[in-house]
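Trainee: These came from Swiss-Prot, pasted as-is:
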ACT_SITE  GLU88  active site, proton acceptor
DOMAIN    94-322  domain 'Radical SAM core'
DISULFID  CYS101-CYS327  disulfide bond
BINDING   CYS108, CYS112, CYS115  [4Fe-4S] cluster binding site
BINDING   GLY155, GLU156, SER185, SER208, LEU209, HIS210, ASN284  S-adenosyl-L-methionine binding site
ACT_SITE  CYS327  active site, S-methylcysteine intermediate
Amino acid sequence: MVLLGRSAAELKAWVEAQGQPGYRGQQLHQWLYRKGARSLQEITVFPKQWRAALADVEIGRSEIRYRHDAQDGTVKLLLALADGETIETVGIPSSDRLTVCVSSQVGCPMACDFCATGKGGYRRNLACHEILDQVLTIQSEMGRRVSHVVFMGMGEPLLNLPAVLQAITCLNRDIGIGQRHITISTVGIPQQIQRLAQHQLQTTLAVSLHAPNQALREQLIPSAKHYPLSQLIADCRAYVQQTGRRITFEYTVLAGVNDRPQHAEELAQLLRGFQSHVNLIPYNPIAEAAYQRPTDQHLRQFLSQLQALGVTASIRRSRGLDRQAACGQLRQAQLIA
């Protein structure tokens, strides 16, 4: 049994099964989620003899393999999991919030052509406790409370929906992060957007679009061959109608590839009458791809074209770029010496 991810009631039942009074469950809950205990030996309110007897009980915490601090304050961690697999997670601070970009899988099966994670292949899904651990570890390393969580790290969250939903429940119930402060990002998986809508969450759905037509999207996102853009947009419209929540569309801008005037016109036509917002993300370079990052001037020009066509859009500035901690740059292994 892994303790991280258990509710206060479940922890109470567990300590009572160990022959301890029920209030120890609330103490355990506080030490796991508020104080970030990495082992039961740290929980000094427990009797020493009982702590010794629990030496083999797994809390579910990872080991930090390295930490890199970017010039803008962003922190990237490589975490080693219990089975030796590794993932990266990123803490993004600002004056009034701390956002954690969490991974949902070890690697990613989507193999997007401009993303470092997909270049390394896919290993497995993360368990709920491995997602929660990323939040608690960033919180401890950065010395402040996490306020926002975005499922935009390694992996495709909708291919690991049960663990992601369980993690969202725990983030809200046990760590105190409101659902409206949680974002789930997806490239689009058939039937999964509909399944997510059925849960009626107050989270934000971010759809990685990256192209305004089917042919170009298939070049950039191989899985798009199995999920026509027309169906994806139809599912997104149904999601908005069912949940009342606005969708964010992520659009990585690749110089000379998807940023021409005709692309702006196609995107405006695609999203006409849609309750949505488009985030333009300038491409963050990786060694395995030959794409180019657009100039700031060209990016602003593309934004202006979209806005003139009636698209609600903005430019999302990348954080942690100098430490390969930006969108599309996360990996399973350390590249920076």
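Each Cβ is built from the backbone N, Cα and C atoms, and glycine gets one as well.
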Trainee: Give the distance between the Cα atoms of CYS115 ([4Fe-4S] cluster binding site) and ASN284 (S-adenosyl-L-methionine binding site), rounded to the nearest whole Å.
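Mentor: That separation, Cα to Cα, works out to 9 Å.
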Trainee: Which residue, out of the recorded positions CYS101, CYS108, CYS112, CYS115, LEU209, shows the minimum number of other Cβ atoms inside 10 Å of its Cβ in this structure?
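Mentor: Sparsest of the recorded positions CYS101, CYS108, CYS112, CYS115, LEU209 by Cβ contacts within 10 Å: CYS112.
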Trainee: Within 10 angstroms of the C-beta of GLY155 (S-adenosyl-L-methionine binding site), what count of other C-beta atoms is obtained when all protein chains are considered?
Mentor: 30
Trainee: On the three-state reduction of DSSP, what should I expect for SER185 (S-adenosyl-L-methionine binding site)?
Mentor: strand
Trainee: Using Cα coordinates, what distance in whole Å links CYS108 ([4Fe-4S] cluster binding site) and LEU209 (S-adenosyl-L-methionine binding site)?
Mentor: 17
Trainee: Could you tell me the maximum Cα-Cα distance in Å between the residues recorded as binding S-adenosyl-L-methionine, namely GLY155, GLU156, SER185, SER208, LEU209, HIS210, ASN284, rounded to a whole number?
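Mentor: Site span for S-adenosyl-L-methionine, by Cα atoms: 19 Å.
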Trainee: If you measure from the C-alpha of the residue listed as 'active site, proton acceptor', which of the recorded positions CYS101, CYS112, SER185, LEU209, HIS210, ASN284 fall inside 10 Å?
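Mentor: Candidates kept after distance check: CYS101.
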Trainee: In sequence order, which same-chain residues at least six apart have a C-beta under 8 angstroms from SER185 (S-adenosyl-L-methionine binding site)?
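Mentor: When sequence neighbours closer than 6 are ignored, SER185 (S-adenosyl-L-methionine binding site) has VAL150, PHE151, MET152, PRO157, ALA206, VAL207, SER208, GLU250 within Cβ distance under 8 Å.
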Trainee: Between the Cα atoms of CYS112 ([4Fe-4S] cluster binding site) and HIS210 (S-adenosyl-L-methionine binding site), what distance do you get, rounded to the nearest Å?
Mentor: 10
Trainee: I'm checking region-level scores; what's the whole-number mean pLDDT for the domain 'Radical SAM core' (94-322)?
Mentor: 95
